[in-house]
Amino acid sequence: MGFCRKSNAKEGRGKEAVFLRKKITLVRAIALIIGTVIGSGIFIAPKGVLQNSGNVGLSLVVWLACGVLSLFGALSYADLGTSITKSGGHYIYLLETLGPLPAFLRLWAEFVMIRPAVIAVVSLAFGRYLIEPLFAPCHAPALAVKLVTITGISLIIALNCWSVSWSANTQTVLTVLKMVTIGLIIVPGMLVLAEGHYENFQHAFDTSSLALDKLPLAFYSGMFAYSGWFYVNFVTEEIINPERNIPLSLIVSLLIVTLGYLLINVSYYAVLTAEEVLASEAVAVSFADRAFKSISSAIPILVALSCFGSLNGGVFAAARMLFAASREGQWPLLFSMIHRRRNTPFPALLLMLPLIFLVVLIGDLYGLLSFFSFSRWLFIGLVTLGLMIHHYRHPEIPRPFKVPLFIPLVFTIICFFIVGMSLYSDPVNTGISCAITLTGLPVYYLVVQKSRIPTSCSTMFNSITVKLQVLMEVIPQEIQTY
C-alpha cells in the first residue's frame with residue numbers, strides 16, 4: 001500500500017508521474033479497518049455510553065445496537081464501493097449521488113471540523129492514558145495531557161510525512177499490540193464472571209437514572225467507538241478485486257469488532273461498578289488497577305499505543321479524500337500533491353496541523369464527541385440516502401454487491417433521528433457544528449465555482465500554488481487502476 005513512481009515520456013524528459021497501485025489485499029483491508037476502528041473509542045466511550053444511557057443493561061444494548069447499525073452502514077457502503085469504483089469515500093459518493101454541493105459541504109466539514117476533532121479526540125485519549133498513571137490516584141492536569149497530546153500528533157504527522165512504508169509497518173506492529181491489549185482486558189473479566197461474581201449486573205436495568213433524551217448522546221459515544229469501518233472506501237482504487245474484498249472486509253471486520261466490544265464492556269462491568277466507571281477518566285486504567293496490579297502499569301501504555309495506531313490509520317486515509325476532491329476540482333490542487341522524494345501526501349498532512357492544534361487546545365474530550373458527531377453522522381446518513389436515490393435513478397448500473405433497500409433505509413432513518421435528537425440533547429455543541437458546516441455555502445458559491453472567480457484571483461492562486469509546490473518539493477499525482 002503506497003505511492004509509486006514511473007517515468008512519463010509524454011510529459012517530457014526528467015518529469016515523472018506518481019501514482020497509487022492496487023496493493024491492498026483482503027487481509028490488509030481487514031487489518032486497516034480493525035486497526036483503525038479499535039483505537040481510543042472502546043477505552044473512552046464506555047463512560048459516555050453509560051452516562052447517557054442511565055444503566056449498565058441499557059449501555060450494553062446500546063453497544064450491540066451500535067454494532068448492528070454500523071454493519072448496516074458498512075453493507076450500504078459495500079454496495080456503493082463496488083458500483084462507484086472511485087476512491088474518496090463519503091465525498092465521492094455524495095458527489096455521484098446527490099451532486100456537488102452536498103459533496104463539498106461534506107468535504108468542508110471534514111477538514112475544517114470533523115478531521116481535526118476526530119484526531120484531537122483520539123490524541124487526547126492517547127495523552128491521558130500515557131500520563132494518567134504518573135499522577136495516580138489523582139487525575140492528570142489538563143495542560144499536561146494536552147502537551148503530551150500535541151507531541152503525539154506531531155510525531156504521527158511527521159511519521160506519515162516521512163515514509164509511507166514506515167507508517168504502514170508501524171500500523172502492523174500497533175495492530176498486534178492492540179489485540180494483546182484487548183485480550184488482557186477480556187480474559188480477566190471472563191475469569192471474574194466464571195468465579196460467580198455477578199454483583200455489578202444485579203440491577204442492570206435500574207430505571208432510576210434513565211434519561212431517554214440523553215440516549216442519542218449515548219449512541220454518539222458508541223458509534224464513535226465503531227467509526228472507521230468506512231475508511232476502506234477511501235482507498236477503493238488501491239484494493240485488489242474490490243467487488244469481492246470490499247464487502248468481505250467490511251462484514252468480517254464489523255463482526256469481529258462487535259463481539260470484541262461486547263466482551264470488553266462485560267469485562268469492565270464484571271470488575272468495576274457503574275459508579276467507578278463514571279468516576280474514571282481512563283476506564284482501562286481503573287480496570288487494570290483492580291484486575292491485576294502486577295502489570296497494571298503496562299495497560300495504559302498499551303492503550304496509548306492503540307490510540308496511536310488508530311490515529312495513524314485515520315491520517316493515512318484522510319489524504320485520499322483530499323486527492324479525490326482535488327481531482328474533481330473542488331479543492332486546491334496543492335492538497336493532491338505528494339513529496340517528490342518521500343512519496344507522501346506532504347501538503348495534505350502538514351496543512352491539517354494548525355486546526356488540529358487549535359481544537360486540542362480549546363476542546364475537551366467528551367464535548368468534542370458531540371461537536372463533530374453531528375456533522376459526521378448527518379453526512380453519512382445523506383450518503384445512504386443517496387444510495388437509495390442512485391438505485392432508483394440508475395437501475396442499469398452493474399452492482400456486484402447489492403443490498404436490500406431496507407438496510408440503507410433503516411440506517412438512514414436512525415442516523416437522522418440521532419442527529420435530530422442531539423440538537424435537543426446538546427444544542428450548544430451540535431448547533432456550533434451545524435453552523436460551521438453551513439459556512440461552507442459561501443465558500444462553495446464564491447470560490448469553488450470557477451466561473452465566479454475573477455481571472456486576477458485565479459492567477460494569484462495559481463502563483464501561490466506554484467511557490468508552495470517549490471517550497472514543499474511536491475508534484476502532482478496520478479491514480480493507476482490496473
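Backbone N, Cα and C atoms are what each Cβ position is placed from, and that goes for glycine too.
Remember, TrEMBL labels are computer predictions, not curated facts.
What you see is a predicted model, and the numbers here were worked out from it, not measured in a lab.
Listed in TrEMBL for this protein:
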type     : residues : note
TRANSMEM : 25-45    : transmembrane segment
TRANSMEM : 57-78    : transmembrane segment
TRANSMEM : 112-131  : transmembrane segment
TRANSMEM : 143-164  : transmembrane segment
TRANSMEM : 176-197  : transmembrane segment
TRANSMEM : 217-236  : transmembrane segment
TRANSMEM : 248-271  : transmembrane segment
TRANSMEM : 298-323  : transmembrane segment
TRANSMEM : 344-362  : transmembrane segment
TRANSMEM : 368-389  : transmembrane segment
TRANSMEM : 401-424  : transmembrane segment
TRANSMEM : 430-448  : transmembrane segment
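Only residues 6 or more beyond the boundaries of the transmembrane segment (143-164), in the same chain, are considered here, and those with a CB under 8 A from a CB of the stretch are 1-3, 119-120, 123-124, 126-128, 130-131, 135, 170, 308, 311-312, 315-316, 339, 342-346, 349-350, 352-353, 356-357, 360-361.
Outside the transmembrane segment (57-78), and at least 6 residues removed from its termini, the chain residues within Cβ reach (under 8 Å) are 46, 49-50, 93, 201, 204-205, 210, 215, 218-219, 222-223, 225-226, 229-230, 233, 246-247, 250-251, 253-255, 257-258, 261-262, 265-266, 269, 380, 383-384, 387, 401, 403, 407-408, 410-411, 414-415. Contact between the transmembrane segment (112-131) and the transmembrane segment (430-448) is present: at least three CB pairs lie under 8 Å, with pairs separated by 6 or more positions in sequence.
Of the candidate ranges 25-45, 217-236, 344-362, 217-236 contributes the most Cβ pairs within a distance under 8 Å of the transmembrane segment (401-424).
Packing against the transmembrane segment (176-197) from elsewhere in the chain are residues 35, 38, 42, 260, 263-264, 266-268, 270-271, 284, 287-288, 291-292, 295, 299, 302-303, 305-306, 309: each is 6 or more residues past its ends and has a CB under 8 Å from a CB in it.
Contact between the transmembrane segment (298-323) and the transmembrane segment (344-362) holds: at least three of their C-beta pairs are under 8 Å, each pair 6 or more apart in sequence. Remote same-chain partners of the transmembrane segment (248-271), defined as residues 6 or more beyond its termini with a Cβ less than 8 Å from a stretch Cβ, comprise 26, 29-30, 32-34, 37-38, 42, 46, 56, 59-60, 63-64, 67-68, 70-71, 74-75, 77-78, 182, 185-186, 188-190, 192-193, 197, 200-201, 225-226, 229, 232, 277, 283, 287, 290-291.
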